Amino acid sequence: MRIVITIGGSIIISEFSHEMFRAYADILNSLRDEHDLFVVVGGGRPARDYIGVARELGASEARCDDIGIDVTRLNARLLITALGDSAYPGVPENFREALEVAATGRIVVMGGTEPAHSTDAVGAILAETVEADLMINLTSVDGFYDRDPAKYPDARFYPEITASEMLEHLRGSDVRAGTYEFFDHTALHMIRRSGIRTMIVNGNDPENLLRALDGEIGTTVIPE
């Protein structure tokens, strides 16, 4: 199966530590013999910190996006290092390049691509480009909620939801660089257009990637 996996930066680099990179590398390496794997890595707190400084310096939102993209690519390089020879050694900067290097049979790891595209959007566009069978979005919560469960204990969890319903919930949310929450609008439009089977899963435990593949946890997004 061809799978695109997006790992939020808040998951993989919540602290400047090698441990999460190593743990995800071990899980991904255990899957590579059975699946074609593409991984998109987010920027996390380092990206937000750099973007915050850039805004204080008067940078435009487009420039802030560029800075965030640079950080995601650094995170991608760290994961590639953890994966060793099983990963393609370079970080593709666009979707065509990602598709081309997939011919090597190695795990393809990339960061951002262009301004105004979150990690979710990059993952969804990549999934369409490589004709993925599944996209798994690894985030800091158990799946999709109607509002932030960290702020609202009574937030409703959805084990299953359509992309159209998610768009209704997310209408009006913040789309500035470094502020994406829950799931990105562009990603949802891509999922709906391309019929990409998608799961949203808590990535704080790397083992949850295996549980998601077994259908045990997370939110399934129906592409309609």
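Glycine too: its Cβ is placed from the backbone N, Cα and C atoms.
Feature list (source: Swiss-Prot):
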| type | residues | note |
| --- | --- | --- |
| BINDING | G9, S10, G44, R48, T139, Y145, D148 | ATP binding site |
| BINDING | G43, D65, T113, E114, P115, A116, H117, S118, T119 | UMP binding site |
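On the structure: features taken from Swiss-Prot.
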residue: G9; record: ATP binding site; DSSP (3 states): helix
residue: G43; record: UMP binding site; DSSP (3 states): coil
residue: R48; record: ATP binding site; DSSP (3 states): helix
residue: T113; record: UMP binding site; DSSP (3 states): coil
residue: T119; record: UMP binding site; DSSP (3 states): helix
residue: Y145; record: ATP binding site; DSSP (3 states): strand
Margin query: Neighbour count, 10 Å Cβ-Cβ cut-off, for P115 (UMP binding site): what number do you get?
Written below: 15
Check: Do you see any of the binding-site residues G9, S10, Y145 whose C-alpha is within 10 Å of G43 (UMP binding site), and which ones?
Finding: G9, S10
Next item on the list: Out of G9, G43, G44, give me whichever of these binding-site residues has the highest number of other Cβ atoms within 10 Å.
Entry: G43
Notebook entry, point to check: According to DSSP, which of helix, strand or coil covers T139 (ATP binding site)?
Noted result: strand
Check: Taking the Cα atoms as reference points, how far is D148 (ATP binding site) from P115 (UMP binding site) in Å?
Finding: 25
Next item on the list: Sorry to bug you, but what's the C-alpha spacing from T119 (UMP binding site) to G9 (ATP binding site), rounded to the closest Å?
Entry: 9
Item checked: Surrounding CB atoms that lie within 10 Å of the CB of R48 (ATP binding site), all protein chains -> 17
Margin query: Between C-alpha atoms, which of these binding-site residues comes nearest to T139 (ATP binding site): T113, P115, H117, T119?
Written below: T119
Notebook entry, point to check: Taking the Cβ of D148 (ATP binding site) as centre, how many other Cβ atoms lie within 10 Å?
Noted result: 11
Check: Which of S10, T119 (the binding-site residues) has the most other Cβ atoms within 10 Å?
Finding: T119
